[in-house]
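Record features, source TrEMBL:
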- 12-36: transmembrane segment (TRANSMEM)
- 56-78: transmembrane segment (TRANSMEM)
- 87-108: transmembrane segment (TRANSMEM)
- 114-132: transmembrane segment (TRANSMEM)
- 144-162: transmembrane segment (TRANSMEM)
- 254-682: domain 'Major facilitator superfamily (MFS) profile' (DOMAIN)
- 293-314: transmembrane segment (TRANSMEM)
- 321-341: transmembrane segment (TRANSMEM)
- 400-423: transmembrane segment (TRANSMEM)
- 492-514: transmembrane segment (TRANSMEM)
- 526-545: transmembrane segment (TRANSMEM)
- 557-579: transmembrane segment (TRANSMEM)
- 653-678: transmembrane segment (TRANSMEM)
Amino acid sequence: MGCSSSTRNQFFAALSANLLTLSYGASFGWISSSYLQLQDPQTSRLTLGTLTKDDLGWVTSSLSPGGLFGVLFFGWLADKIGRKRCLLLMAVPIVLHWLLIATATNLIQLCVARFLAGAAGGCGLTVIPIYITELAEDRLRSTLGTISFLSFCSGLLLINVLGYLFHYVTVACIMIALPLVFATCFAFKPDTPQYLEQRNRREAERSLKYYRGIPSKESLNEELQLELTRLCKSTQQMHVGSDNNSFSWSDFINLISLSYGGVICWTSASYIYLKEDSNHFETGVLTNEQLGLITAALSPGSLAGAFFFGWLADKIGRKRCLLFTALPMLAHWLIICFARNPWQLAVARFLGGTIGGSSYTVISIYITEIAQDSLRSTLGMITSLALASGYLLINTLGYFLHYITVAWIMTIIPLAFLVLFAFNPESPHYLAQRNRKKAERSLRYYRGISSSSDANEEFQQELSRLCQSEDEKPRKLQLCWHDFTNRKARKAYFIGLGLILTNQFNGCLTMQNYMTFIFAEAGSNLPPMLSAIIVSAIILLGTFLSTNFAGHAGRKTLLLGSISGIFLGESIMASYYYLTSKGYETSMFNWLPIATFSLVQFSSTFGIWSVTVPLIAELTPPKIRSIVVRVQIVTMFLLSSVIAKIFPQLCEALGMPIVFFIFSGFSFIFIVFIAIFVPETKGKSIQAIQDSL
């Protein structure tokens with residue numbers, strides 16, 4: 001009976017919480033279900049009449065900034081006020097969303113409504129999985145976790161059925177009932193035992209009894225006593241050595257990487273507008289040569305950024321340097337908004353490229369210096385996840401909106417970064433060279449230790465390794481030629497250079513820049529822009545999987561799997577282009593270009609893009625790390641600039657099949673290089689990695 005009651009209580013709690021997910025699924029699909037009514041003057045309640053495509057784009061895209069806000073705000077709030085109260089608070093923007101939809105008479109009100117729905121969705125995607133994970137028994141966690149996706153899909157079905165039967169205002173009034181029912185059902189549920197254990201053991205015990213189906217007057221049996229004890233221990237460990245701070249600040253810092261991902265794919269996403277909008281530019285429609293100039297301007301900017309920001313990070317610190325990077329990023333998007341000739345666009349791209357130099361140098365160094373050994377792999381790969389998210393975001397926005405509208409939307413990201421990142425501490429490694437007390441405070445923050453008295457022996461050992469005596473500081477800061485020519489430094493630089501060559505000569509980044517061009521040449525049935533969105537989504541999926549897989553697989557394993565997938569995809573793609581160019585009937589295989597292109601990009605995000613720079617930072621001796629990483633990144637961007645510039649000429653001179661055969665040949669060579677020379681660093685401390693060289 002206890003087991004039955006336990007299952008019932010856990011299922012009821014999960015179903016109650018996911019009424020919000022059901023409502024978010026409905027709000028997500030609202031545009032699709034209401035589009036025809038909003039376009040019809042007889043059914044639209046808007047004073048402006050019907051929505052134009054540009055208006056529709058604004059309403060649709062308002063959901064994503066809301067989701068970003070919801071993830072950041074409600075994810076933080078869940079730790080401050082609890083999972084239960086946070087979810088109850090989530091019902092407020094959902095109710096406001098449907099009320100605004102029901103009463104909206106202009107575009108602004110619809111955009112605000114969609115933003116609120118996105119914020120609620122960000123909360124649901126963040127807090128509900130945490131809530132379910134913390135209350136569920138091991139045997140039920142997987143089943144309860146699937147309810148969220150089932151609820152979301154049910155919401156999509158519900159809104160489309162209601163939209164078919166009723167006016168969108170009537171639908172909105174009906175949908176208000178969902179969050180109200182949620183609040184009624186959920187208000188009397190206890191918070192999760194794990195959250196309550198941090199504050200009140202008796203409340204945690206009562207919560208555990210409820211979710212395990214034990215009457216409140218009965219005592220916990222031996223099994224539940226052990227579970228409560230485990231909760232207590234995990235809570236104590238969380239106070240003494242929490243990793244959450246490292247994760248949260250890594251997320252904030254990678255808002256810059258998210259924006260830079262948009263910069264990389266901006267030319268591809270805006271290609272159609274730039275080629276057809278003859279009235280916007282003083283020079284008329286942009287020529288291929290001008291488009292090439294705009295595309296190629298990114299790499300010199302990245303080169304300058306690697307030099308400048310790498311130097312600046314040592315002079316003013318990692319934190320201040322990263323805050324400074326938001327300015328050229330903001331300038332990049334603003335110049336695009338007002339540009340009237342190709343030279344202004346080239347300047348914007350150059351400024352955007354400088355952020356790439358910062359992302360690949362300073363962010364990698366910063367994350368390496370704040371992360372614990374157990375988290376370095378995962379935190380380092382969040383940068384790649386942010387870049388992939390930027391690819392998908394810019395291609396999706398570019399499909400629906402004019403590129404100027406997209407640029408205005410993208411200005412939100414650097415502004416959000418400035419606000420969210422401004423309060424975090426400098427990295428302990430940087431401070432250790434200058435002020436031991438500040439270094440200790442920073443390290444305590446990133447290790448989740450509230451005061452010096454709570455510090456354990458492991459923390460003290462890590463602090464001792466960071467900080468040397470005052471007499472040793474001047475000697476340690478002085479560099480000599482031997483620091484760069486000793487065996488460890490030479491080996492680290494050789495491996496790093498090989499990884500940089502692997503990163504560039506496999507052709508993945510060049511293919512990313514010319515995505516729509518490649519799809520247009522392939523003759524695929526899908527429009528080039530839609531193909532770009534599909535590939536961007538696959539890139540994001542690959543990066544997400546690699547981020548989760550990084551904690552289980554080593555760097556070397558990821559690199560080998562990544563370059564092998566690239567070799568396979570490029571070989572098939574080259575064969576397809578070759579057979580097509582020779583006149584063979586390949587129409588039945590016209591799905592191959594997007595499939596193999598997706599395989600190549602998926603594989604690249606699974607290792608080559610996400611692992612290369614963090615691995616170089618790990619292998620390089622700490623004393624020369626900043627300089628060597630800077631030089632390696634400069635080399636990477638020099639190669640990127642050259643390859644991006646000559647790719648169209650190579651395709652014209654040699655033919656696309658030969659170019660892809662060359663890329664696949666290089667990929668095979670790099671498989672051999674990685675297998676022989678690249679060491680495994682998974683789970684090793686920086687010192688252990690250096691000792692192994």
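Including glycine, each Cβ sits where the backbone N, Cα and C put it.
Any TrEMBL annotation is an automated prediction that lacks curation.
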* **the domain 'Major facilitator superfamily (MFS) profile' (254-682) [mean pLDDT, rounded to integer]** => 75
* When counting Cβ pairs under 8 Å to the transmembrane segment (114-132), the leader among 12-36, 56-78, 144-162, 321-341, 653-678 -> 56-78
* Asked: Can you say which of 56-78, 87-108, 321-341, 492-514, 653-678 has the most Cβ pairs under 8 Å with the transmembrane segment (12-36)?
  -> 87-108
* What stretch of 87-108, 321-341, 492-514 shows the most Cβ pairs under 8 Å to the transmembrane segment (56-78)? -> 87-108
* Could you tell me what the rest of the chain brings near the transmembrane segment (87-108), counting residues at least six beyond its ends with Cβ under 8 Å? => 17, 20, 23-24, 27, 30, 45-48, 51, 55, 58-59, 70, 74, 77, 81, 114, 116-117, 119-120, 123-124, 127-128, 131, 168-169, 172-173, 175-176, 178-180, 182-183, 186-187
